[in-house]
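Q: Pasting a structure here, questions to come.
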Amino acid sequence: MAVRLPAAFVERMQHLLGDEFDSFMKSYDSAPHAGIRVNTLKASVKEFQRLTPFELTAIPWCPSGFYVPYGTKPGLHPYYHAGIYYIQEPSAMAPAELLGVKPGDRVLDLCAAPGGKSTQIAAKLEGQGVLVTNDISADRTKALAKNIELYGVRNAVVLNETPQKIADAFPNYFDKILIDAPCSGEGMFRKDEDMIKQWETHSVERCVLMQRDILQTAASLLAPGGTIVYSTCTFAPEENESMIGEFLQAHPDFRVIPVGPELGFRPGRPDWLQGMAGTDDLSDQVKEQLTGTGRLWPHVIEGEGHYAAVLQQVIDPDTAADVNASLLTSESAFEESVSIMDSSLAVQTEPGNRERKSSRRSERLKREPGGRTADHGHRHKSKEGGRRGQPPAADPLEVYRQFVSVELRLTLPGETVMYGDRIYQCPVDPRRLDGLKVVRPGWFTGNIKNGRFVPSHPLAAALHPEEAVRTVNLLSGNGEAVRYLKGETLAVTADSVQCKGNVSPKGYVLVCIDGYAAGWGKWLDGMLRNEYPAGWRWTSV
Ligand SMILES: C[S@@+](CC[C@H](N)C(=O)[O-])C[C@H]1O[C@@H](n2cnc3c(N)ncnc32)[C@H](O)[C@@H]1O
């Protein structure tokens, strides 16, 4: 066996698994399974199957997920840089599938970095509804924000907060919540030997404390009748059945929705809680429900070890009316508690993505992502006149609106907000974000610089070719796409720039790779100036 497992872990698994132990241990002799998941915000599964350069085998529990042969390097293909697929461990695709997300849902991914499951949820939302994606680690939220942008998500807010602060801002707000909990990572020992090293420091006991805290808070974030999926990538029953048993005992209004064997899950093991400290008071009914939680085992399925529980709040029809009434009152209280802002300058909102209860359209304070207010109380105001003798400075939001109407063919979703010189489309009422550490208040569409709107890379990454008035298509097979991704200027004839309507080729061009948006270029006189951001460039040879 190539993997050197900790002795205490092996001893515990032998005790728990009994007859199955040998087959479990044998799984460490084979290579871990590698997977990719098609980003259906950009390409349909069928399209991807047509154009894929990889040998694909379907993953049974994820319709957009595929095994690729071990040793394949999907990170070294232009499609990866165009956000057409996400590289994800196959078992890790299961929790977001179990969440049952539908377009229009309000979804919270509480422990989200680096964003594998968030990008999966975003694809299921199809741009409708809201994804609030959060991680407590400021450092890890950088990768999270980058992935949200690379995968073309238009309706996400990225936070770097404690669950309690989010619960204060969004009480009873979310239809679906994913808790992909920090855990001791035993299920990943085969895939990532670093997890073995971390096992001592991220001890089961330490993880249990974090998980309990997160799970307890999650219930107050959930809208009536909503669903929570709790998942870990560990085998330890303390972090799995015990944690869910404790939650169910404290929340009799929740029940487990059984995860089916058809997805490869084996039943949860309440019998492993016998004699475990803190589990004595679990009722028989709770223990019975724990068998409906699921475990993915590396010796049973083609994937690493995982655990998942689907928890649904059950609303008693007699009390449902009271709950709804009290929620309406709390929404009104939210409306009244926020300060009134200017009412005239909101650029565009789309009804589907607005808060369910109407809110005042307003131009937003300039704020800086990270929750550190940039404006210190200054509101953005359009200038009524310049200095004497100078033309009045253009209203930045008007400049933005002009760019969108001339250069793009799309209706902007959500509410336009400005933080400093940065413009975002925010999918929630922005007042809810006051006082939170906000990494991205929405889709970052561009900056105002010297009175001009400069479109951002995340704007390009989320566009479909038909939404830009100028496009150029590079082919992945002839080296051109890689040269673009490396930041090179390309010679492009005017005829190669596809223009809609009467626009000339000169100006911002959406650069596509085999028909999928990858970034901006600026065309002038036969040359395409590269606007692919330095920090995102292809660095491999
Ligand atoms: C298993 S990882 C998440 C992986 C992620 N869901 C994905 O699919 O890419 C767990 C994450 O929980 C975060 N975390 C730990 N404690 C947290 C807390 N109290 N609140 C929110 N996030 C927390 C960690 O920083 C870590 O990024």
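A Cβ is built for glycine as well, from the same backbone N, Cα and C atoms used for every other residue.
Feature annotation from TrEMBL assigns domain 'SAM-dependent MTase RsmB/NOP-type' to 24-314. Annotation comment: TrEMBL describes C111, A112, A113, P114, G115, G116, K117, D135, D180 as S-adenosyl-L-methionine binding site. Annotation comment: TrEMBL describes C233 as active site, nucleophile. As annotated by TrEMBL, region 'Disordered' applies to 343-395. Per TrEMBL, compositional bias 'Basic and acidic residues' is recorded for 352-376.
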Q: What does the structure give for the C-alpha distance between G115 (S-adenosyl-L-methionine binding site) and the residue listed as 'active site, nucleophile'? Integer Å is fine.
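A: Checking the Cα atoms of G115 (S-adenosyl-L-methionine binding site) and the residue listed as 'active site, nucleophile' gives a distance of 15 Å.
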Q: Far apart in sequence but close in space: which same-chain residues, 6 or more away, have a Cβ under 8 Å from K117 (S-adenosyl-L-methionine binding site)?
A: A92, P95, A96, D109, L178, D180
Q: Count the Cβ atoms, other than its own, that fall within 10 Å of the Cβ of the residue listed as 'active site, nucleophile', considering every protein chain shown.
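A: Other Cβ atoms within 10 Å of the residue listed as 'active site, nucleophile': 26.
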Q: Using a 10 Å radius around its CB, how many other CB atoms surround G115 (S-adenosyl-L-methionine binding site)?
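A: The answer is 28 other Cβ atoms.
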Q: Under 8 Å between C-beta atoms and at least six apart in sequence, can you list the same-chain neighbours of C111 (S-adenosyl-L-methionine binding site), or say none if there are none?
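A: Sequence-distant Cβ neighbours: N134, D135, I136, I179, D180, A181, P182, I214.
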Q: Can you list, in sequence order, the residues of the same chain other than C111, A112, A113, P114, G115, G116, K117, D135, D180 whose CB lies within 8 Å of the CB centroid of the S-adenosyl-L-methionine site?
A: D109, S118, T133, R140, L144
Q: Using all protein chains in view, find how many other C-beta atoms are within 10 Å of the C-beta of D180 (S-adenosyl-L-methionine binding site).
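A: Counting Cβ neighbours of D180 (S-adenosyl-L-methionine binding site) within 10 Å gives 23.
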Q: In Å, rounded, how far does the Cα of the residue listed as 'active site, nucleophile' sit from the Cα of A113 (S-adenosyl-L-methionine binding site)?
A: 15
Q: Let me know the DSSP-derived helix, strand or coil state of K117 (S-adenosyl-L-methionine binding site), please.
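A: DSSP call for K117 (S-adenosyl-L-methionine binding site): helix.
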Q: Restricting to the domain 'SAM-dependent MTase RsmB/NOP-type' (24-314), report the mean pLDDT as a whole number.
A: 96
Q: If you pair up every Cα among C111, A112, A113, P114, G115, G116, K117, D135, D180, the residues annotated as binding S-adenosyl-L-methionine, what's the maximum separation in angstrom, rounded to an integer?
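A: Binding-site diameter by Cα atoms for S-adenosyl-L-methionine: 13 Å.
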Q: Write out the long-range same-chain contacts of A113 (S-adenosyl-L-methionine binding site), meaning residues 6 or more apart in sequence whose Cβ is under 8 Å from its Cβ.
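A: When sequence neighbours closer than 6 are ignored, A113 (S-adenosyl-L-methionine binding site) has D135, S137, R140, T141, A143, L144 within Cβ distance under 8 Å.
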